[in-house]
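Q: There's a structure below that I have some questions on.
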There are 2 protein chains.
Amino acid sequence: MNAMGATGVPEVVTVGLGERSYHILIGKGLIERAGTEIAARLPGVRAAIVTDGNVAAAWLPALTDSLSKAGIETVAITLPPGEKTKSFEHLEQVVDGVLGARLERRDAVIALGGGVIGDLTGFAAGIVRRGMNFVQVPTSLLAQVDSSVGGKTGINTPRGKNLVGVFMQPKLVIADTGTLDTLSEREFRAGYAEVAKYGLIDRPDFFAWLEANWQEVFSGGPARTRAIAVSCQAKADVVARDEFETGDRALLNLGHTFGHALEAATAYDSARLVHGEGVAIGMALAHRFSARMNLASLDDAERVERHLRDVGLPWRMSDVPGELPGAERLLEYISQDKKVSRGALTFILTRGIGQSFIAKDVPASEVLSFLRENLL
Amino acid sequence: MNAMGATGVPEVVTVGLGERSYHILIGKGLIERAGTEIAARLPGVRAAIVTDGNVAAAWLPALTDSLSKAGIETVAITLPPGEKTKSFEHLEQVVDGVLGARLERRDAVIALGGGVIGDLTGFAAGIVRRGMNFVQVPTSLLAQVDSSVGGKTGINTPRGKNLVGVFMQPKLVIADTGTLDTLSEREFRAGYAEVAKYGLIDRPDFFAWLEANWQEVFSGGPARTRAIAVSCQAKADVVARDEFETGDRALLNLGHTFGHALEAATAYDSARLVHGEGVAIGMALAHRFSARMNLASLDDAERVERHLRDVGLPWRMSDVPGELPGAERLLEYISQDKKVSRGALTFILTRGIGQSFIAKDVPASEVLSFLRENLL
């Protein structure tokens, strides 16, 4: 069995959005084929590759080479790594770089990197000349299973994270699973929280499969490619039902309301908590809170906690290093979350593994008591 | 006959864009009704009003009052007047103001002002929370007949004008023709160039009607409301065929290729040339160039020139005060224009009054000779 799985060809997920539909190609070594795949879909294109210093060192030469062999001229725009890059300042830098290369609307902007690069680059591609072609080459697990589907792009401002951006669908996503070999264990695990999330939202069989096969997903065999493909398909199915996030798409926020509050409470200090870790704890809390509300069984909550613990993810608030604020303050962070609509508390709760739903008007008093109990 | 025309109700133009369709209301005194009209379409909304210092002095109290009476809470964001406001810096300021007011996705951002305010505000509304509700209250003739239809928003960068932005359709446009009474003669005339343009594109009867009725359009009678409504309808018809500017919409650039080159050649110095004046000269040149290419009769070119002269608009390059660069330099400005596609010169030319078409691959040598002759 070769690196791409038994068939030797990449897995292809189609994100079905009418005239904005596109393919996600998933497999090992795909960066070498990137030029051919892009040229086949966007003939005659020129491209700007946006990346960060770390990713550039590892993958930019291979990508540039692949594009060059397919006759695609490129310029590279290299930014500092890290969440701070998702700013107006760097947005302006990317926009200026793309315009400075005299690219036209039918040319392409390619994001080579993780979620930060993908979000920022997609936003830039969405606003230069009111929208150019956008291609994603995600190099982190989180970016491959999350930001490669759904078209959400954006930057942070002092008022909060991801509050400014556009919906911008890529023309193609090339997820080379080989790039994940260079991630730290911690970063890979954080991305895995989102993989598990898709099982918990509405794919109980996938969650059970992960319980049995997670070691191979981590070690990089064909199960990794499979897990990424199923995750992308799961997200694509939700997004196809609700491209502009007016309804069902909120399910993707399972674990995110508690998770965001914890991220805010730790001042987004990645030494203490990264996004995927917040989501992991948030998912465990969402299941436990659902059990407390008599919606789901405690057994299911414990099963979720066990799996997160098995793979080495944090799963309870006491797993966050350092001190957390009190329940009242955490509730304030929850109320400030952008998923709050007109003051009512909206949560993604569940009736069991793979049976999540959108719960509106969740009483703040219940959340407060729950947080108090779980902070002990 | 009252100020809104014989019927006493505003004219309503529907911009038909499927689920993004919206109404343009046109009539005198409409700002007083703005609150009711907005509340009827966006119940429960809160709003940020973005405006500039000049317009705020004239119309902000009336608009705020009208919204308040309809139960709509507002905050005002007032920017400096002038083209320089269309910058990343002020975009960030508007975004921060809207977020600071804690407005949500279903709330509204209202542009009260001319084209600069409309373009900047629409862009901000399109990116805050990946798209909020957008309402336009255009107060210049140019904004009422041009930027109120089509959803193009944007800012300028050092690389050029309007190179960064989004397509963002408003939920409602309220064009109060009374606001035009406070414009300078020169500003009204510049806006009128775009009104005449719609006749020249594909409505020969409208152009003939303008030749007969332009005095009443200028003086503010019912003909003014009518001219604005026909202009909006004309643009809406083109935009409905090509929302994202991939084809037919280029017709709206009649006069703009020559016009933009003249604006660039005068360094966007409004003391010498404003946009509408550039378009006026550009339209006259497009007709004369079409005659030179044996596409249209010289009589039609002269008829266009006569009407522009009658209303007091410039119509030839020698009408631009101060010195212009030579033909070679003007051609360079034309080649740099964003409507140039892969190096080929694309112009909107015509076969006669109201018979414009998109001409691709226009030989640069012909344009150069034409410019040389007309610079004499």
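Backbone N, Cα and C atoms are what each Cβ position is placed from, and that goes for glycine too.
What TrEMBL records for this protein is below:
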type	residues	note
DOMAIN	A:77-189	domain '3-dehydroquinate synthase N-terminal'
BINDING	A:Gly115, A:Val116, A:Ile117, A:Gly118, A:Asp119, A:Thr139, A:Ser140, A:Lys152, A:Lys161, A:Thr179, A:Leu180, A:Asp181, A:Thr182	NAD(+) binding site
DOMAIN	A:191-340	domain '3-dehydroquinate synthase C-terminal'
BINDING	A:Glu194, A:His256, A:His275	Zn(2+) binding site
Q: Excluding A:Glu194, A:His256, A:His275, which residues of the same chain place their Cβ within 8 Å of the centroid of the Cβ atoms of the recorded Zn(2+) site?
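A: The surrounding set, listed in chain order, is A:Leu142, A:Asp146, A:Ala193, A:Lys197, A:Gly255, A:Gly259, A:Gly276, A:Gly278, A:Val279, A:Gly282.
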Q: Among the binding-site residues A:Ser140, A:Thr182, point out the residue whose Cβ has the most other Cβ atoms within 10 Å, with all shown protein chains included in the count.
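A: Result for the most crowded candidate: A:Ser140.
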Q: Can you tell me how far the Cα of A:Ile117 (NAD(+) binding site) sits from the Cα of A:Glu194 (Zn(2+) binding site), in Å?
A: 18
Q: With every protein chain in view, how many other Cβ atoms are within 10 Å of the Cβ of A:His256 (Zn(2+) binding site)?
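A: A:His256 (Zn(2+) binding site): 23 neighbouring Cβ atoms within 10 Å.
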Q: What is the interatomic distance between the Cα atoms of A:Lys161 (NAD(+) binding site) and A:Glu194 (Zn(2+) binding site), given in whole Å?
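A: Distance between the two Cα atoms comes out at 18 Å.
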Q: Should A:Ser140 (NAD(+) binding site) be counted as helix, strand, or coil on the basis of DSSP?
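A: Going by the DSSP assignment, A:Ser140 (NAD(+) binding site) belongs to neither helix nor strand, so it counts as coil.
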Q: Sorted by position, what residues of the same chain at least six away from A:His275 (Zn(2+) binding site) have a C-beta under 8 A from it?
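A: Those within reach of A:His275 (Zn(2+) binding site), by Cβ under 8 Å and sequence separation of 6 or more, are A:Gly115, A:Leu142, A:Ala190, A:Gly259, A:Glu263.
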Q: In the structure shown, which of the binding-site residues A:Ile117, A:Leu180 has the fewest other Cβ atoms within 10 Å?
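A: Comparing Cβ neighbour counts within 10 Å for the binding-site residues A:Ile117, A:Leu180 gives A:Leu180.
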Q: Among the binding-site residues A:Gly115, A:Asp119, A:Lys161, A:Glu194, whose Cβ has the fewest other Cβ atoms within 10 Å?
A: A:Lys161
Q: Could you count the residues of the domain '3-dehydroquinate synthase C-terminal' (A:191-340) that DSSP puts in helix, in strand and in coil?
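A: Reading the DSSP string over the domain '3-dehydroquinate synthase C-terminal' (A:191-340) gives 109 helix, 0 strand, 41 coil.
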Q: Assuming the binding residues for NAD(+) are exactly those in the record, A:Gly115, A:Val116, A:Ile117, A:Gly118, A:Asp119, A:Thr139, A:Ser140, A:Lys152, A:Lys161, A:Thr179, A:Leu180, A:Asp181, A:Thr182, what is the maximum CA-CA distance in angstrom, rounded?
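A: Max Cα-Cα spread across the NAD(+) binders: 28 Å.
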Q: Find the one among the binding-site residues A:Asp119, A:Leu180, A:Thr182 whose C-alpha lies closest to that of A:His256 (Zn(2+) binding site).
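A: Closest by Cα: A:Asp119.
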